[in-house]
Amino acid sequence: MLVSDPAKKLSSNRSIGNGDLVIVYERHDNMKAVTVSEGSVLQNRFGVFKHSDWIGKPFGSKVFSNKGGFVYLLAPTPELWTLVLSHRTQILYIADISFVVMYLDIVPGCLVLESGTGSGSLTTSLARAVAPTGHVYTFDFHEQRAGSARDDFVRTGLSNLVTVGVRDIQGEGFPDEFTGLADAVFLDLPQPWLAIPSASKMLKQDGTLCSFSPCIEQVQRSSEVLQTSFTDIRTFEILLRTYEVREEKLESIQGNGSNASLPCKRRQCSDGGSVISSPISSVMARPCGEARGHTGYLTFARLKCLI
Amino acid sequence: MCDSRRVTWEGCSVLLDINDGDRLVFARLSPAAKLKIGNKNCSLQPLIGRAFGTVFQVETAPEGPYLSPVQVNAYNGEEVRDGQVNVDLRDQVSDNNAEEVRDGQVNVESRDNRTLVDNNTAQSLTGEDIEAMRRQGARGNEIIEALIANSATFEKKTSFSQEKYRLKKQKKYAPKVLMRRPGSRSICEAYFKKYPSKIGFLRVDTLSLLLSMANVSSNSDVLVVDMVGGLITGAVAERLGGTGFVCNSYYGQTPYSMDIVRIFNLSDEICRRILRSPISDLLSQKELPEQIVQHDDVCNAKIQSNDQISASASVEEICHSSENGISELGAENTGPAVHKAPKAGEKAQKEMIDSWKENGFSSLIIATPELDTWTLVRDLLPLLANSAPFAIYHQYLQPLATCMHNLQLEKMAIGLQISEPWLREYQVLPSRTHPCMQMSASGGYILSGTKICTS
């Protein structure tokens, strides 16, 4: 997914090869991650697609099934991955993810500590942000989920950038070996205040921390504990509203005054005559009906500077 | 950020946050640079070689006022300086209820403001008294304590109200200067707060979404049309971390302003990766119809006539100090000791442009408040590699709606989405947690999508 070798970057000249991970796009709300394998097929409501047909085609191609249906094959990105990955836990979505990466000031070369790993949604974006020289150390207390995450990172080509550890961060804190080395720490735990003292020891001077909590009581408790060693403690929520777009022909009815039930658009001109408006075609946008109301609160803080 | 960049150096750029965001100043540190606080002019020399995040306070000395680093414990307002501890009179409020514990006694919070009358007679110290104290060398905090001691109504206030009073006096008599590290987040926030028109009202969460949606990452070639002062160019370059390239492109022959890039403290290697190119150079020969030429004239005319566009074409922008806006200090400093910021924005050479035409750009970000989105996208999308994502920012919804509609009709992209981010901050304090009273109503809109293979 991420390009560690400049020769392999996303290019119009690069084509899909055996073993590549592709994102099969059926519709904007229907996508699937598939690892291309010579001899395999993908079967969906559009028909049967042979992987061998895909090999050699450029990413972004439209490919056809035996029945003439089609899908698009896209190159994987952390955004697309978040939409297709298998949910072992509740995940973070793009709005929270983007904000976290920006607000923690994560740039290439950073060392980031994360707990819990969950399904690896955020971890994938953290890896992108620290590449090629940084690293993400992520911890989860659930051994099986840690294993699934590790498999995912191999599949998406991120295993050089991400190390998954099995550890109970709330109970034991982060490993001592990271003391004073972390540029940023991210916590998505039920009781993050238990991990905050350890996090403060892991961070470099002026390092940043973020805690994601669904409940305001957790936020209050965390904020209080943060005050000992942190400053700039700020809590946000971020949501995305999406819009749908349609072209509408707004007809105006040509009335002669006797048709009282339908309004008629007449404009008075300066010479006293009136003009009837002609149909206008316009592209209109309106907010989508469904929206997410809440994901969680993001509490950010910066390690206090000791002089 | 790497270790070496956590401590300031001579010639580096800093963001001075005075009194918790009341005033924001971008400055370049040099022995000659000065900052005016209230009526005092302080040298910025003490800031050189200090860690980012250090807080300074103005101290008086026979030679004049100077900035001195302060250890601030935000927990209960204790200040530790020179090993002495000034214990605060304020109490800890437990989070179970509003009980106050003072000297072992427990007082249930029963005070309120029913008897407080605001007629300006509560404070018995006069302005002259305070000046006299200052001349005798009293520190800011001593003045504040004196004001509190001489306030007839202070004891009657609730502890929350007392806290507010103290903070207000601190801002005036003991102003604090927090030296922040400039980066995409701090720069965007500062501009959005104080001078948003200069960055096209691009809010920090919107900027973060642009970077994610366009999959900005190392070893990518990102095409950018940035009419927001260079903020996006700088943010992309920061994420590239010295790999890949960001091509800042423009219609016509005059590049758009990239002043903000200078504030970023980007390393030489990162700066080298910021290139500029006129759009006409990027398009292949057959795609140069007369439309482009006309477009140039229209654009340039608009840029010159419209004062709402704050993206100035001149690189040496001179900002004057203002209490409410953003100032940039030290930019005019040209002493030999000053380290000159490396030059970003060199013109892209032919080999580079040919390579981009051959491989396509990895992604595209557009932020052009005054240009028509669709014509821009129609011209630039073909320059992207297959399956490359793009993200377009606009303050207004309509241009994006039209663009999205046309992209659908022309079947140039899939996964099209118009998003509007919503951001709300919370005040989190014991017994006083609620969303902040003030909120940004809009951070703009983003049209995102993925380019599909059209062959």
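Positions of Cβ are set from backbone N, Cα and C atoms, glycine also.
Note that the structure is a prediction, hence the values are computed from the model and not measured.
Residues or ranges marked as S-adenosyl-L-methionine binding site in TrEMBL: A:S119, A:G120, A:S121, A:L122, A:D140, A:D168, A:D188. The local packing around A:D140 (S-adenosyl-L-methionine binding site), expressed as other Cβ atoms within 10 Å of its Cβ over all shown chains, amounts to 28. Under the three-state DSSP scheme, A:D140 (S-adenosyl-L-methionine binding site) falls in the strand class.
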Give me the largest Cα to Cα distance among A:S119, A:G120, A:S121, A:L122, A:D140, A:D168, A:D188, the residues the record lists as binding S-adenosyl-L-methionine, in Å as a whole number.
20
What three-state class does DSSP give A:S121 (S-adenosyl-L-methionine binding site)?
helix
Considering the binding-site residues A:S119, A:S121, which residue's Cβ sits among the greatest number of other Cβ atoms within 10 Å?
A:S121
